[in-house]
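Asker: One structure, as structure tokens, below. Some questions next.
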Amino acid sequence: MLCKTGGCVEGRAAEDQSTRKVHWGQEGSGQSPEARPRALDMISRLEPSRGPSHAHWWHIISPQLAVMLEETGYPVEKQLEILTFLYHWVIPYLAPVAAGNAASSCNWKSLLPSAIVPLEYSWKWDSSGKAREPEIRLTIEVFGELSGTQFDPLNQAPAMELLYRLSSILPGVNQILASHFRCKFFDHDNVKYMEEPRLDTLPRSTMLTYMTPRKLGQQGFAPLSEYVSAIQALGQASGRTLDTLTNFLSTSPEGVHLHPFGLAFDNVEPSSSRLKLYFFSNRTSYNSMREVLTLGGRIYSESYDMEEKLRTIYSLAQLLMGCPENNAEDADIPLLPITHSQHTAAERATLLSGFQYYFDVAPGADLPSVKFYIPVRKEHANDRAVGSALTGWFREQGRGKFCDNYMRMLERLAGGLELGECRGLHSFISCMIGGDGEIEVTSYLLPGSEA
């Protein structure tokens, strides 16, 4: 399960981390003791020990999260609240640490990109037209001692337990959608799931904060029909939004290139929840992105220049993916050869070579909202280069207020390495055009760094 603070949940395809090397630096955090945030020192002094596994994850994660909260300007009291939640509600649900194996449960392979820590951070950038700071969220994969065993072959039990327990302190948490999609997406013969061969190209993690359908005998990713039938079975008002999306997928030239790989939802009352369908495409041209983000011309605006917004978004993709300046609008961004990946070419083509999108088919909407994900190709850019390109783009948009904080945060997360030597802190950068025309941008960051 992938859970985000703030009650929303989402997931994306994992990236290739086969060559990842993590350097934690001093105190396991990549920062000197005197640089430790005040809120972290307070929690660390006052909270009692909860065993070696808890101490292991707290030692790694808390300094990183505390740094991000500090650099985004969260008040100290809010930092204390979030770190206390981390201590009592997040850390206990990370993988048990076995002797000599701190990476994951010995029976379960994490879906999340980092092979070292089953979590991902996100930094949602501030908006120029709104008086607010960046938002920090933490995505985790929930584990239990029996994850991956015959009792819980798809690692679903810990997620349901966490949702149940959180409902006692967060009244808005609701398990209806989790139970519904769990019933629709999976068979219920644990013995047969254990007997099936492991499919390394298919995410084994299922009941996350998003779900990936997996029926017995299924090869590869589930077809769109699996998602559509499960959503329709809810009997809600999302029908017309879903119909619009399926019509686009069946009539647009880009539809055949979009492949579903997951569904995300908020664990709240179904009538209030977003329903986000995730797709990947190997197409990376401007024309392809434009077709998808406008839903074939169905999404437009009379209050701002949609074409200008789309070109601004694509300029960021070009910067981050190393696109030649003279690339034609109908030409994909060249995929440079990978020299040190151990993953197969098929896996790379499936999950990493192109763009990713989600479509929100929430009840009551006429058209789905669309978010666009740019993969960060760590084989060809270190994290200083990625951070510099991203902050340079923000400054060009007149949104440079937190750029220095962002680069300083990256330096502090680099685990004692020079940032130019790090690869792998960034995984994706997402963009979405808000209702007011503001381009909403989020950076997705991984714990540790790669030399």
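Backbone N, Cα and C atoms are what each Cβ position is placed from, and that goes for glycine too.
The region 'Disordered' annotation in Swiss-Prot covers 14-37. According to Swiss-Prot, the feature L-tryptophan binding site maps to E120. What Swiss-Prot lists as substrate binding site is R137, R274, K276, Y278, Y373, and the listing cites similarity to another entry.
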Asker: Whole-number answer please: how many Å between the C-alpha atoms of K276 (substrate binding site) and the residue listed as 'L-tryptophan binding site'?
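Answerer: That comes out at 19 Å between the alpha carbons.
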Asker: Return the count of C-beta atoms lying within 10 angstroms of the C-beta of K276 (substrate binding site), excluding that atom itself.
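Answerer: Other Cβ atoms within 10 Å of K276 (substrate binding site): 24.
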Asker: Taking the Cβ of R137 (substrate binding site) as centre, how many other Cβ atoms lie within 10 Å?
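Answerer: Result for R137 (substrate binding site): 18 neighbouring Cβ atoms inside 10 Å.
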Asker: For E120 (L-tryptophan binding site), which of the binding-site residues R137, R274, Y278, Y373 has the nearest Cα in space?
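Answerer: Comparing Cα positions, the candidate nearest E120 (L-tryptophan binding site) turns out to be R137.
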Asker: Tell me the Cβ neighbour count for Y373 (substrate binding site), meaning other Cβ atoms within 10 Å of its Cβ, over all protein chains shown.
Answerer: 23
Asker: Given the substrate binding site residues R137, R274, K276, Y278, Y373 in the record, what is the largest Cα to Cα distance, rounded to whole Å?
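Answerer: Across R137, R274, K276, Y278, Y373, the widest Cα separation comes out at 19 Å.
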Asker: If you count the C-beta atoms lying within 10 Å of each candidate's C-beta, which of the binding-site residues R274, Y278 ends up with the smallest number?
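Answerer: Ranked by other Cβ atoms within 10 Å, the binding-site residues R274, Y278 bottom out at R274.
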